[in-house]
Amino acid sequence: MGITIVLGSQWGDEGKGKITDMLSQEATLCCRAAGGHNAGHTIVHDNITYDFHILPSGLVSPKCVNLIGAGTVVHVPSFFKELASLEGKGLKGAGKRIFISDRAHVCFDLHSVVDGLEEARLGGRKVGTTGKGIGPCYSDKAARRGVRVGEIMDEAVFERKLRTLHAGYTARFGDLEYDVEEEIGRFKEYRQRLVPYIVDQLAFFKQYKDSPNTLVEGANALMLDLDHGTYPYVTSSSTGLGGAVQALSLNPASITSIIGVVKAYTTRVGSGPFPSEQLNEYGDKLQSVGREFGVTTGRRRRCGWFDLVLCRYSHAINHYTALNLTKLDVLDDFDEIKVGVAYVLPDGTRLTDTYPADAAVQENVKVEYVTLPGWKSNTMGVQKYEDLPANARAYIEYIERELGGVPVKWIGTGPARDHMICRE
């Protein structure tokens, strides 16, 4: 089994969907390793726009079987709603090519209610979650009180565990705007509907042990990783290479490619440190031209310049074999383009390839930039590297050199599926 892993290298929203969609055309199997319906990306295929959250992007390819893996958390109503939406847009038979590990955890409406209450208690220190209940669900998993997807099939066990969760949160928060019996009633219907989708992950993988091409689709990104990201302003799962290997029980020796997806600039949704953020006309222009609004929340994304310190750190953890640089065309109309090359701490220490663990330190670094000339010409839809303006090629090659020679193999030049340069 040859395994390709696609990972976000910044704070998410890098455009992982397009490269995953492209690679899935040759894949036998596409897997989601972590996260839940908090993730979001868009794929444009045959002029139809598909929004993905919990489902793997490989569903767009009619020959690709898809798995929601053991490290994920599954909001069952969202699973069925998203599947119906995809089938309604023409992806017929998608429901026969999607499976869920019985070891994945169930994200309940209860978790969404608790998510909102926890954010409200934090006040000005809130994390800026999507409000989907992902954090509380992973908290229950870590505390060994969560409900696994496979347990939905045992009605008595399922109902006992959900009522216990509800009782615990009621003791903590008081009366909740949530009806546990109503949710239990909904799962009486979901129980039978879920039967065709639930699988033993290891047994499932044995069916594909001879697959020449397995694709792993990362959700979120390295800087949102629970261990390696800008803690506590992170998601609640392991979003890097290690998380994918763990959640899907992958053989590291079978990994042939690790693709880091990076925007040609940097964005972030929600709260937390963002050293290269531009709270000025440059940030506004990046946001406007790049149409930077979250697929899941609709929130305006914060925007800033490309951050080499962040990307060197991300590469050191995820060990990328190649990069996909996305949204190059957004930079077409800039006279000059800045790249963050170092952080300077308050005591004068200069960092170039490590990221401070302390969020307070992250908030107070000063970024040292280099300024590169813009190209002031249209790159939208360009498909050959040699057709890019010289300064655009220089920008890409500068990033390659500064990241230790990791090749930028794919370059996104627009939203359409074929707006992509593939460098051999």
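From the backbone N, Cα and C atoms, a Cβ is placed for every residue, glycine too.
Within THR4, THR28, THR49, THR130, the residue that Swiss-Prot lists together with ASP13, GLU14, GLY15, LYS16, ASN38, ALA39, GLY40, HIS41, ARG144, ASN220, THR235, ARG299 for binding IMP is THR130.
Comparing ARG299 (IMP binding site) with HIS41 (active site, proton donor), their Cα atoms are 14 Å apart once rounded. Cα of ASN38 (IMP binding site) to Cα of GLY12 (GTP binding site): a span of 11 Å. Among the residues the record lists as binding IMP, namely ASP13, GLU14, GLY15, LYS16, ASN38, ALA39, GLY40, HIS41, THR130, ARG144, ASN220, THR235, ARG299, the two farthest apart have Cα atoms separated by 34 Å. The secondary structure of LYS18 (GTP binding site), as reduced to three states from DSSP, is helical.
Rounded to a whole value, the Cα-Cα separation of GLY40 (IMP binding site) and ARG301 (substrate binding site) is 13 Å. Look at LEU328 (GTP binding site): DSSP puts it in a helix.
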